[in-house]
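A.B. asks: What follows is a structure written as structure tokens; I'll ask about it next.
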Amino acid sequence: MTTIAVVGATGQVGQVMRTLLEERNFPADTVRFFASPRSAGRKIEFRGTEIEVEDITQATEESLKDIDVALFSAGGTASKQYAPLFAAAGATVVDNSSAWRKDDEVPLIVSEVNPSDKDSLVKGIIANPNCTTMAAMPVLKPLHDAAGLVKLHVSSYQAVSGSGLAGVETLAKQVAAVGDHNVEFVHDGQAADAGDVGPYVSPIAYNVLPFAGNLVDDGTFETDEEQKLRNESRKILGLPDLKVSGTCVRVPVFTGHTLTIHAEFDKAITVEQAQEILGAASGVKLVDVPTPLAAAGIDESLVGRIRQDSTVDDNRGLVLVVSGDNLRKGAALNTIQIAELLVK
């Protein structure tokens, strides 16, 4: 008998988790949903029955003892507070926030890349990577295995759903506020008032913001999104000295993160070799032109526009474009795939 819990079940990613649990016929005999007091008591239909959402603030170690796996997508603060409680009760926690990713005693797993790290549990917690890192890893791991990755230069173009419901609502409201005046931006960027900037530094509608995430106060002038890309790539690939430079950009797209990747390798690797490798890679779909709209709603990372990097000698560099659904594989799906590894 397997019992699974979804913490943050009523949120944006939690909703996708619930859908995927049903779609994939996850082998759980009992499912429990948890959320904040605001959503507690709400009834959610799941597999033909209604399940009442439980108040996470009322959870005790005793009340959680039947749970085998707990899927967390309730934010870092809630994860720090409640994930250890679930683990102490005997559950293995798979956490979607950034709370545990840098902890040396918590494995950071992409199911297609480093699944065996699930056997290295110390705290009973497994971390899910950031959605931008997630899109890149299934693509980069097989290329690394073939040629030895040594350096990455990445620009990411991240959808507003990566900022949560606030990001989605802000873009929708700004587009509506500008209305038919949008073409006036051709000649004047101040021609129309988009209204409240929401979680962003400037209007996101009809704009591109080269500032995704929050500025890290460490003198690097990087955002936390850019540092996550570096730190998480190193940890997942087992390359602590990997050189990674990234610029994370927020774009007016609802779902789907896109990355342009300049990858340098220790050994030569041609475009044809890369295409053959990626065509056979798990969690990857080779396409001509990856786009966020094409990626939205599918499981795989789309990869295309593969070229030789002319700035790297001896055919040791590749340029490629990756698009991935930041809510699906970038958050919910990988969490569930890890849980599937745990209950096999």
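Yeah, the Cβs are placed from backbone N, Cα and C, and that goes for glycine too.
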A.B. asks: Look at the NADP(+) binding annotation in Swiss-Prot, where T10, G11, Q12, V13, R38, S39, S161, G162 are given, and name the residue from N315, N326 listed for that site too.
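C.D. replies: Within the candidate list, Swiss-Prot flags N326.
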A.B. asks: Looking at NADP(+) and its recorded binding residues T10, G11, Q12, V13, R38, S39, S161, G162, N326, figure out the farthest C-alpha pair and report it in angstrom, whole number.
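C.D. replies: Max Cα-Cα spread across the NADP(+) binders: 26 Å.
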A.B. asks: Out of T10, Q12, N326, give me whichever of these binding-site residues has the highest number of other Cβ atoms within 10 Å.
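C.D. replies: When each Cβ's neighbours within 10 Å are tallied, N326 leads.
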A.B. asks: How many Å separate the Cα atoms of C131 (active site, acyl-thioester intermediate) and R250 (substrate binding site)?
C.D. replies: 13
A.B. asks: Of R38, R101, K228, R250, which of the binding-site residues has the most Cβ neighbours inside 10 Å?
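C.D. replies: When each Cβ's neighbours within 10 Å are tallied, R250 tops the list.
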A.B. asks: For Q158 (substrate binding site), what residues in its own chain, 6 or more apart in sequence, show a Cβ-Cβ distance under 8 Å?
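C.D. replies: The answer is C131, T132, A212, E225, C248, V249, R250, V251, H257, N326.
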